Ligand SMILES: CC(C)(COP(=O)(O)OP(=O)(O)OC[C@H]1O[C@@H](n2cnc3c(N)ncnc32)[C@H](O)[C@@H]1OP(=O)(O)O)[C@@H](O)C(=O)NCCC(=O)NCCSC(=O)C[C@H](O)C(=O)O
Ligand SMILES: [Mg+2]
C-alpha cells in the first residue's frame, strides 16, 4: 500500500497521560491514534505524559492503527526532550505543533535525527503565519521526513480571533489552500477537530465538508465521533462501483491509446482513471483492515 492510499479517515487524539484512554485506543476503530503531550496535558503532567507515550509506543498492541506522538513545541520547556524521547520510541510519526515556516520544519527534522527511518514528521497547520507559508512548508518535504499536515482550527481561531461557526466560513480559504499545497507536495492532510462532543449532526456536516474539500480524514477528540467520521471518509459503494467501471473501460482493448471515453453517458479522461484507481486502492485498504 502506498502512503497516499493508506486510510487515514479518523485520527483520535488523547492525552498521553490518560492511561485508560490509551488502553481503550488499542481496540477503537480509529485509523490513527495521536498521543498528545501538548495542549491536552497540563504543565504538571508533562513529564508523566512523555513517559507514558514512550511506554505505550514500546508496548505496542495498536494493531493496524498508526501511532503518532504529538510533542510540545521547540519553543517550550518540554519540546526538545519530547522530541528526543519520541525519536527513541520510534512511532509511525511525530506530530509537531505551531509550525510557521520551512525553517521550523528543518528545526524539527534536526531534532528527530536519531529517529528510525520509518518515523515520519507530521506538522500542525494552525498559525496565522503558516497560512502565508504553506507552499514553502510543503516544499520542505523534499529534504525531510515531512509526510502529513494536520489542521489546528482551534489555534487558528484563537490567533485570528475568528468565530468557529457551523459552516466554518472564516477558515475556508486556509482549509482549501492547505489541501492544495499538501497535494502539490504529495502530503497527506487531515482536518481539525470538532469540539462539540454531543452534536453528531454538526459533526456529520463538517465531515462532509472536509470530504468535499479533499481531506484524507479528520482529527477527533472523542470515540463517539469515530463511526460518523469513518463512514464519511470511506468511499461509498456507488463511488467504488463507478470507479471500477471507469477502470474497466480504459482496460478494454478497443480503448487502448484513447485519452477520453464516453462511459455510461459521461466523459471519462485518464485523470479520472487515476482518481478511480486511487479510490479503489483506498477502499481495498479499508476492506483489508476491516477483515484483519
Ligand atoms: C474531551 C474529553 C476531556 C471528555 O472527557 P470525558 O467527559 O471524561 O469523556 P467521556 O466520559 O464521554 O468518556 C467516555 C469513555 O470514552 C473514553 N474516552 C474519552 N475520550 C477519549 C479519547 N479522546 N480517546 C480515548 N478514549 C476516550 C473515556 O475514557 C471513557 O471510557 P470508559 O470509562 O471506559 O467508558 C476527552 O474526550 C478528551 O480528553 N479528549 C481528547 C482531548 C485532546 O486530546 N485534546 C488535544 C487535541 S485537540 C487540539 O488540540 C487540536 C489542535 O491543536 C487545534 O488547535 O485545533
Ligand atoms: Mg492546536
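Note that the numbers count up from 1, one per residue, in the order the chain is shown.
Note: Cβ is positioned from N, Cα and C throughout, glycine not excepted.
TrEMBL does not curate its annotations; it predicts them automatically.
Since the structure is predicted, the reported quantities are computational estimates derived from the model, not experimental observations.
Marked as domain 'HpcH/HpaI aldolase/citrate lyase' by TrEMBL: 9-223. Per TrEMBL, substrate binding site is recorded for 70, 126. Annotation comment: TrEMBL describes 126, 155 as Mg(2+) binding site.
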Neighbouring CB atoms within 10 angstroms of the CB of residue 126 (substrate binding site), all protein chains considered, total 24
Please check the binding-site residues 70, 126, 155 against ligand 2 and give me the ones with CB under 6 A, sequence order. 126, 155
Residue 70 (substrate binding site) to residue 155 (Mg(2+) binding site), Cα to Cα, whole Å, comes out at 15
Distance check, please: Cα of residue 126 (substrate binding site) against Cα of residue 155 (Mg(2+) binding site), rounded to an integer number of angstrom. 6
Give me the non-local Cβ neighbours of residue 155 (Mg(2+) binding site): same chain, 6+ apart in sequence, Cβ-Cβ under 8 Å, ordered along the sequence. 97, 98, 124, 126, 127
Would you count the other CB atoms within 10 A of the CB of residue 70 (substrate binding site), including those on all shown protein chains? 26
